[in-house]
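In what follows, a structure is listed as structure tokens, so that the remarks can point back to it.
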Amino acid sequence: MLSMAPISDRFSTFLLLSLLFSCVHGQMNQNYYKKSCPNLETIVRSVVSQALATEARMGASLLRLFFHDCFVQGCDASILLDDTPTFTGEKTAFPNINSVRGYEVIDAIKSQVEASCPATVPCADIVALAARDSVNLLGGPTWNVVLGRKDARTASLSEANSDLPGPGSSLSTLISMFAAKDLSPQDMAVLSGAHTIGQSRCFLFRDRIFNDININTSFAALRQQTCPLSGGDSNLAPIDV
Ligand code: HEM
Ligand SMILES: *[C@@H]1O[C@H](CO)[C@@H](O)[C@H](O)[C@H]1NC(C)=O
């Protein structure tokens, strides 16, 4: 009889119910796998660290993989789903194809996590942790990752094509694309700080360095050295000097 119980009893009943509720509904939190997969964060960090030792750029690639996952129907690892004869995923979307990298690093982490705690941790949480560790291992900040995502069973090629920002997007288009994900212009500016790390292919920024007037001219001249008016489409340049 809830209504007749003393306050403290009613409070503990409430606590018990909230606890049950959060277990049943799997409320997200930082310690989601503390009991079920205690080595999760150690495994992720060590595989990312090995990948960065082979190629530092991989840290940038893993961060972008997370962004491109999250902007299409949420952070649900939908970007990882391969095409089959009866299923089309997001990997061939224009912003992703020949551009998003790091799938094999996520696969390597997932195998080690499965070996340590089978069928427990979704890829979506692994992608979020790998992005965090990448930034931190490259000398950037760290942050706590709330865990308990669910992996997608679907993906959307059309949403990947429509929702991910492109190199030719205007400022107002970019602002509305972020607003569509409940992100403010300030969020967008902060998140774009991700471009402190990583590289871009020449053909994606050629127009800027040859035709923009609102650009630092010595920076444009510097980039023109490896990104000519014609040819060298896939030449890479650091996004931030
Ligand atoms: C504001 C809108 C954005 C646009 C228009 C944009 C566009 C691009 C383009 C064109 C590239 C080069 C891709 C290539 O060479 O194939 C790139 C790379 C990159 N982007 Fe963005 N991006 C945006 C926002 C973000 C955000 C929010 C993040 C992460 C929080 C991010 C992380 C990265 C990283 C780390 C790279 C380098 C990847 C690598 O070296 O493999 N970008 N971006
Ligand atoms: C312009 O670009 C050059 C080359 O990247 C850089 O050294 C310089 O600091 C930049 N100037 C300004 C005002 O940002």
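Our numbering is plain: 1 for the first residue shown, then up by one each step along the chain.
Every residue, even glycine, has its Cβ placed from backbone N, Cα and C.
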Open item on the list: Of the residues GLU55, GLU90, only one is listed by TrEMBL in the Ca(2+) 1 site with ASP69, VAL72, GLY74, ASP76, SER78. Which is it?
Closed with: GLU90
Task: Record TrEMBL, residue CYS37, disulfide partner from CYS75, CYS117, CYS123 - done: CYS117
- [ ] Just choose from CYS123, CYS202 the cysteine that TrEMBL connects to CYS227 via a disulfide.
- [x] CYS202
Open item on the list: What does TrEMBL give as the disulfide partner of CYS75, choosing from CYS70, CYS123?
Closed with: CYS70
Task: Shell list (Ca(2+) 1; ref centroid = CB of ASP69, VAL72, GLY74, ASP76, SER78, GLU90; cutoff 8 A) - done: HIS68, CYS70, PHE71, GLN73, CYS75, ALA77, ILE79, ALA152, ALA155, SER156, ALA160
Open item on the list: A 10 Å Cβ contact count, applied to the binding-site residues SER78, THR196: which residue has the minimum?
Closed with: THR196
- [ ] Would you mind ranking the binding-site residues ASP69, ASP76, GLU90, ASP240 by how many other Cβ atoms sit within 10 Å of each Cβ and giving me the lowest?
- [x] ASP240
Task: HIS68 (active site, proton acceptor) and ASP76 (Ca(2+) 1 binding site), distance between Cα atoms, whole Å - done: 11
TODO: Filter the recorded positions ARG64, ASP76, PRO165, THR196 down to those with CB closer than 6 A to an atom of ligand 1; keep them in sequence order.
DONE: ARG64, PRO165
- [ ] Check ASP69 (Ca(2+) 1 binding site) against DSSP and tell me helix, strand or coil, would you?
- [x] helix
